[in-house]
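Features of the protein shown, as given by Swiss-Prot:
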{"type": "TOPO_DOM", "residues": "1-73", "note": "topological domain 'Mitochondrial matrix'"}
{"type": "MOD_RES", "residues": "Lys4", "note": "N6-acetyllysine"}
{"type": "MOD_RES", "residues": "Lys4", "note": "N6-succinyllysine"}
{"type": "MOD_RES", "residues": "Lys28", "note": "N6-acetyllysine"}
{"type": "MOD_RES", "residues": "Ser31", "note": "phosphoserine"}
{"type": "MOD_RES", "residues": "Ser33", "note": "phosphoserine"}
{"type": "MOD_RES", "residues": "Lys35", "note": "N6-acetyllysine"}
{"type": "MOD_RES", "residues": "Lys35", "note": "N6-succinyllysine"}
{"type": "MOD_RES", "residues": "Lys42", "note": "N6-acetyllysine"}
{"type": "TRANSMEM", "residues": "74-99", "note": "transmembrane segment"}
{"type": "TOPO_DOM", "residues": "100-144", "note": "topological domain 'Mitochondrial intermembrane'"}
Amino acid sequence: SVVKSEDFSLSAYVDRRDHPLPEVAHVKHLSASQKALKEKEKASWSSLSMDEKVELYRIKFKESFAEMNRGSNEWKTVVGGAMFFIGFTALIIMWQKRHVYGPLPQSFDKEWVAKQTKRMLDMKVNPIQGLASKWDYEKNEWKK
């Protein structure tokens, strides 16, 4: 068995909207009926029926512009795949929060934050433009 490789120096058939007339025909090897139709094509086109004209078109082109411009359902696959990976990631995050990460440190408690803020005010941290500049030390409340 001999394997024949493609000759890539020759043009290939491609249906593209930006290149509407490919250099080669879609059907390379014609059947007997297609050869007879190609001979009939050389005569007057008014003698050809609509089906014969469509068959001649299909010998030259695989798809019409309407078929090339037709929308595909590929977006459903893309959205489905994206949702699958987002859901899988959410499951991993939930598993990590439950089994990997420990409890939050005490410094996240509201009471701890309030004590730390009071300590910073007592130390008068950044009194010019920072936290201490917004605290009224005489009234013991935030400036308005």
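Cβ coordinates come from backbone N, Cα and C, glycine included.
A map of Swiss-Prot features onto the structure.
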{"residue": "Lys4", "record": "N6-acetyllysine", "Cβ contacts under 8 Å, 6 or more apart": "none"}
{"residue": "Lys28", "record": "N6-acetyllysine", "Cβ contacts under 8 Å, 6 or more apart": "none"}
{"residue": "Ser31", "record": "phosphoserine", "Cβ contacts under 8 Å, 6 or more apart": "none"}
{"residue": "Ser33", "record": "phosphoserine", "Cβ contacts under 8 Å, 6 or more apart": "none"}
{"residue": "Lys35", "record": "N6-acetyllysine", "Cβ contacts under 8 Å, 6 or more apart": "none"}
{"residue": "Lys42", "record": "N6-acetyllysine", "Cβ contacts under 8 Å, 6 or more apart": "none"}
